[in-house]
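The next block holds one structure in the form of structure tokens; read it before the comments.
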Amino acid sequence: MRLRRYKTDMKSGYANPMTHTTPSADFLSSPFATPVTLPDFDPAGPDRFFNREMSWLAFNWRVLEEAMNPRVPLLERVRFLSISAANLDEFYTVRVAGLRELARAGHVTPSDDGKTPAEQLVLIDADARRLMDYQQEVWASLRPLLADEGITILSRHDLTDADRVWLQEWYLDNVFPVLSPLAIDPAHPFPFIPNAGFSLALELEDTTGRQLDALVPVPSQIDRFVRVGTNPIRLLPLEELILAELDSLFPGYGLRGSCTFSVLRDSDLEVEEEAEDLVREFEVALKRRRRGEVVRLKVSQGAPADLRDLVMDKLRVDAGEVVEVRGIMGISTLKELVLDERPDLLWPSFSPRVPERVQDHDGDMFAAIRQKDMLLHHPYETFDMVVRFLEQAARDPDVLAIRQTLYRTSRNSPIVAALCEAAEDGKSVTALVELKARFDEAANIRQSRRLERAGAHVVYGFVNYKTHAKISTVVRREGDRLVTYTHWGTGNYHPITARIYTDLSLFTCDAALGRDAARVFNYVSGYAEPAKLENLAISPMGMKPRLLQLIAAEADRARAGQPAEIWAKMNSLIEPDIIDALYDASRAGVKISLVIRGICGLRPGIVGLSENIRIKSVVGRFLEHSRIVCFGNGAALPSDQARVFISSADWMGRNLNRRVETLVEINNATVKAQIVSQVMAANLADEAQSWVIQPEGPARRVLPEDGDSRRLFNCHRFFMENPSLSGRGSAGADDVPELTHGFD
């Protein structure tokens, strides 16, 4: 095994109350930890599962901890803090809103871990409040560090006379025209506050003693922080500026009391399954969602009791749904502080590679793919190659047809532009647009209409299933035959998120995979289940049985005394049948190493249940998003005997039972070696960004015994510094590092 020469330098390690020491996060070369015996634990009972919601919150704690990690550049720490807040807000608008509805309806059906909706809400509320308090502690610790770097957050009381003169002019030109001050009395009903809406509630009094309650919604169209002067960087929150200029809104009134508040609303969509016009139904549902019930009210600490009660009453919010914010409101908006003008406080710049093989063919994607299957690892290898694949297809006179899935994409998507160009050129273009991509529904409706105007055939798939598969096919005439080129992805066709999400893109002209892709498109557009698939399994009908079969086969090999091993990587693992199958495999002796970034319902390292399972979560510069599974197939991993798959699906009930997803088997030897000996091996070997999931539940960040973090292996840095195997072309693979042997 070649590993130590690729260890990367890091800044000094750190410790905090959330950090513990555990034997090793290096799952590639370290032995399995000694399993534990949990008191009063029933391996057949519901306690064998972690709770889904609490596991998600545990992941968000890990994200928040990166904001306290001094190895992370300062403004990136602010970004992690912002992300943790945005994550929590979305969690409340979707997951908590759903549980709340179930609890109110009297549902007592327990979750897989045996808890009713009401019991889960109690646990969530307690942990979420702790999380929000810790977010404020983190922000309080970051502010002086920012000030030391010349970035200061002001209050209105910190302003100089010169500041006030400049700000007043700026306010009158840029803020005052979009403000809507609202009195609250019988003649002025309480206005609608949108989801994540941020407002000022005011108690005012004029010189005669006349009192007035009022509301000023803070406009979301204007940046939260106003730059005061040039250097040093001084920033004033917008609500502070509004308070400083209240006389322009309420002349003759003085301020008696104020508070800021923000609401989170139920953002789940309910769509009529029998709707005749799916697009129209979604447009109506989106309007309903905008006015969803309030599930969380955040109010600033020290709010006058009368004002707080007024806001609660008008929004019809119970006391249990109110959170007092002990610090800055709207932590998610702190992302505005991540300033490009301070690159010294950001991650070092990084430029994705263009695969050498594509360069060898002067940018001709079809020629590069014809030479051999090619796997790109984003963001280390540029997502522009996916765009180029479609742009080249749009302009190639030999291309006859393009078919494309679209789940999420960017506002000015070059993918959609290429499809429109192809359709306008007379090519047959089919776009499978998923309208149910949460929070992208409206954008996808706009994209579908743009495609239709260009002449593309737009398909919306199933009403009751989301189409989450990532497939692109190009049919090209080459001589006297038709060749189908396919792209299979683990992530979305989204050029923006592709810069920070780690995903895999498989390009191939394998005829069997071309036929499989056509069958998937025909299934979604014509509702006819494929009678046969060759190198593919799809959900909702075949992927879960295939996975269970593959896991069981490893268990059978272990029972027969053969080597048996499973490596897998994904975002979430919560599907109970899959987890039970992994438990069975562990009891049989299969060695199972998992990289699960987010939700995980499996308890590792427990005697009699999961002693042969270990799980880590990698949280760092890039968001781990690829889905991979490797089965030893009679050999210990890594091995060229392994069966290797990439997938669009996490191992969750929704992905395996209620979505159209793909599981693609990798047969090309070079691509297989790249996935096993580079991608999976580096993730398993990572120590710098890894948290090890414990049998009791909490994850532990791993620190070296000597406290020297410079020797910790960082998988993200490894990928940034080293080329991949399958895209090397004439450059050859001799200088491409593999972290393992086992491939010829």
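Backbone N, Cα and C define each Cβ position, glycine as well.
Pulled from TrEMBL, these are the features on record:
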DOMAIN    49-153  domain 'Polyphosphate kinase N-terminal'
BINDING   Asn87, Tyr501, Arg597, His625  ATP binding site
DOMAIN    163-336  domain 'Polyphosphate kinase middle'
DOMAIN    364-529  domain 'Polyphosphate kinase C-terminal'
BINDING   Arg408, Arg438  Mg(2+) binding site
ACT_SITE  His468  active site, phosphohistidine intermediate
DOMAIN    536-703  domain 'Polyphosphate kinase C-terminal'
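Structural mapping of features recorded in TrEMBL.
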residue: Asn87; record: ATP binding site; DSSP (3 states): helix
residue: Arg408; record: Mg(2+) binding site; DSSP (3 states): coil
residue: His468; record: active site, phosphohistidine intermediate; DSSP (3 states): coil
residue: Tyr501; record: ATP binding site; DSSP (3 states): strand
residue: Arg597; record: ATP binding site; DSSP (3 states): coil
residue: His625; record: ATP binding site; DSSP (3 states): coil
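Per-residue confidence over the domain 'Polyphosphate kinase C-terminal' (364-529) averages 92 (mean pLDDT, predicted model). Ranking the binding-site residues Arg408, Arg597, His625 by the number of CB atoms within 10 A of their own CB puts Arg597 at the top. Taking the centre of the Cβ atoms of Asn87, Tyr501, Arg597, His625 as the ATP site, the nearby residues of that chain (Cβ within 8 Å, site residues left out) are Asn571, Gly598, Leu623, Glu624. Largest Cα-Cα distance over the residues recorded as binding ATP, namely Asn87, Tyr501, Arg597, His625, equals 16 Å. Separating the Cα atoms of Asn87 (ATP binding site) and Arg408 (Mg(2+) binding site) is a whole-number distance of 18 Å. Recorded residues His625 (ATP binding site) and His468 (active site, phosphohistidine intermediate) have their alpha carbons 14 Å apart, per Cα-Cα distance. In terms of local Cβ density within 10 Å, His468 ranks first among the recorded positions Asn87, His468, Tyr501. Rounded to a whole number, the C-alpha distance linking Arg408 (Mg(2+) binding site) with His468 (active site, phosphohistidine intermediate) is 9 angstrom. Across the fold, the C-alpha of Arg597 (ATP binding site) and the C-alpha of His468 (active site, phosphohistidine intermediate) stand 19 Å from each other. DSSP labels the residues of the domain 'Polyphosphate kinase N-terminal' (49-153) in these numbers: 78 helix, 4 strand, 23 coil.
Distance from the CA of His468 (active site, phosphohistidine intermediate) to the CA of Tyr501 (ATP binding site) is 16 Å.
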